[in-house]
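Enquirer: Shown below is the structure under consideration.
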Amino acid sequence: MLKDIRKPFQYPKLPIDKKEGAKKRAKAKDTKGTLRRIWSYLAERKGLLILVMLMVVISAIFGLLGPFVIGKAIDHFIVGKTVSGLIPVLLLLLAIYIIQSLSLWFQNYWMITISQGTVFRMRSELFTHLHELPIPFFDKQRHGELMSRVTNDIENVSSTLNTSVIQILSSVITFVGTIAVMLYMSPLLTLITLTIIPVMAASLKWITNRTGKLFKEQQKNLGDLNGYIEESVSGAKVIKAYSREKQITAEFLEKNAALKTSGFWAQTISGFIPKVMNSLNNLSFTMIAAIGGLFALKGWISIGSIVVFAEYSRQFTRPLNDLANQFNTMLSAIAGAERVFDVLDEKEEREDEKNAVHQPIQTGSIEFRDVSFGYDKGQQTLKHLQFTVPAGQSIAFVGPTGAGKTTVTNLLARFYEPNDGKILIDGTDIKTLTRASLRKNMGFVLQDSFLFQGTIRENIRYGRLDASDQEVEAAAKTANAHSFIERLPKGYDTVLTQNGSGISQGQKQLISIARAVLADPVLLILDEATSNIDTVTEVNIQEALARLMEGRTSVIIAHRLNTIQRADQIVVLKNGEMIEKGSHDELIRQKGFYSDLYESQFEK
């Protein structure tokens, strides 16, 4: 993921004007709305679409010419018992089928170009939009289910565009052209053939009314299953540690069975379409053969015309059959497209205030003024929180799980906005600053140190993309990471797998600290940065953090109190309220909650 990350990325041409994009693409809440929205993407390639339609018309016309010429040839050569002029007719047929084949090839080539370009745009727009969404959206979504929308659902749309659009256009043109030729040859036989259309339409409506919901349910169940698989793979160690293999398998089988059931009924009911169409097709052919034979005996129509008409009756029902078959894939693709558009319709992270300024943090002083916040309405996570951190000093937050410690950092980085109160940095309300300028001057070292797939050098350089190799190594030395990196077979060029599996949790943390060192932030956020670490590694991390915190305003969150004793201020939170505040020594002398917590940990 980090490969060539320093190279400038060329974004695809996406709608920059969000209001304009919203006007062009109405929200997809139904089938018609989704189709209109898909068309808005296709319409951007009108030139190629016109060429595709032209090729479809040519292939359909020449497809109709072939049987007509054959019918005339039967009357002339077989009924007339002569071979005079046979070669020109054969050459004519050869030319017809060559032109038809070439037009088919071009229409497929251009349609693939259109569909791949459209899907590229949709996928790019979806991925870009995902990273414009606020953190609360991701907190409420399963990552595997989101991945299913970016991959499976869009691929479903892609495969449908590749085949269905051409098939539908071709079927409509062939259907209209066939009826026109049939009317020219025999209006009476044409009327007899058309009697099956009401039966076809009624059958198709009955089936599609039932399969639409089933295909939507199938796509939903597929997303749920993908999310569960992603979760189980990510948590494989925990599953094995607690011997939950049987339980996880049982839950998987339950979700897999739900997908199987919805898929079974969607495919079974939609599978009736070709069966019904084929039966009606055979009925139509039988009627044409019987009635056409009687007409031929009476001399009302030639033998060649009967043969051609019978073939046209096949061609008449074939496009209807093809259209019916395309409903399966179309319904599935529409269901997938709706899931994609649901994400695209999610509101992006709240825009910066109109007068927000792009201003770097100068000193990093922090002030919370009567700040209250709740993730859910009616439930406050933080209540009237007030504190001040002078520039260059550190403040630590302690308290039981759910007290609101991490929420403080979420608000400080504007991942969430407070319900009440103000947060000031350098005396300026952070709402008046752009999020980009605010976060650019912050460094994060979190409990779960996320590393991207790529080399160690690339992961450290993520803190500052234009950093030289020497600066990367200097940052690693400051973070006490250089020695263990050098011991690896390929050193800084060691490739890490997803999320850094292959190195220890402590080593991941040291790389994360090196990344923060390289970023050179004014304000530092350490969220449980030394939890779940062995004692020796913790010493290295503590030394690295001490160097990193020097001269920087630092916000520390920790459960292990021995890691925050040197903090300038310690705030004790309980049920979202600040119940104690002071230095370590002051809080110990108070003999309150912090003192009891410290003594309990010290005794352990």
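A Cβ is built for glycine as well, from the same backbone N, Cα and C atoms used for every other residue.
Since the structure is predicted, the reported quantities are computational estimates derived from the model, not experimental observations.
According to Swiss-Prot, the record shows the following:
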type: DOMAIN; residues: 49-332; note: domain 'ABC transmembrane type-1'
type: TRANSMEM; residues: 50-70; note: transmembrane segment
type: TRANSMEM; residues: 86-106; note: transmembrane segment
type: TRANSMEM; residues: 172-192; note: transmembrane segment
type: TRANSMEM; residues: 288-308; note: transmembrane segment
type: DOMAIN; residues: 366-600; note: domain 'ABC transporter'
type: BINDING; residues: G399, P400, T401, G402, A403, G404, K405, T406; note: ATP binding site
type: TRANSMEM; residues: 510-530; note: transmembrane segment
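Could you place these features in context, so I can see how deep they sit and what lies close by?
Expert: For the domain 'ABC transporter' (366-600), the model's pLDDT averages out at 86.
The number of other Cβ atoms within 10 Å of the Cβ belonging to T406 (ATP binding site), over all protein chains shown, comes to 18.
Outside the transmembrane segment (510-530), and at least 6 residues removed from its termini, the chain residues within Cβ reach (under 8 Å) are 360-364, 366, 406, 409, 412-413, 425, 441-447, 449, 451, 456, 459-464, 467, 471-472, 475-476, 478-481, 484, 500, 503, 537-538, 540-542, 544-545, 547-549, 552-560, 563.
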Enquirer: With Cβ-Cβ distance below 8 Å and at least 6 positions apart along the chain, what are the contacts of K405 (ATP binding site)? List them in sequence order.
Expert: F397, V398, G399, I557, L573
Enquirer: Please identify, from the binding-site residues G399, P400, T401, G402, A403, the residue with the sparsest Cβ neighbourhood, meaning fewest other Cβ atoms within 10 angstroms.
Expert: T401
Enquirer: Same chain, not part of G399, P400, T401, G402, A403, G404, K405, T406: whose C-beta falls within 8 angstroms of the C-beta centre of the ATP site? Give them in sequence order.
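Expert: The surrounding set, listed in chain order, is T407, L573, K574.
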Enquirer: Within 10 angstroms of the C-beta of G404 (ATP binding site), what count of other C-beta atoms is obtained when all protein chains are considered?
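Expert: By my count, 23.
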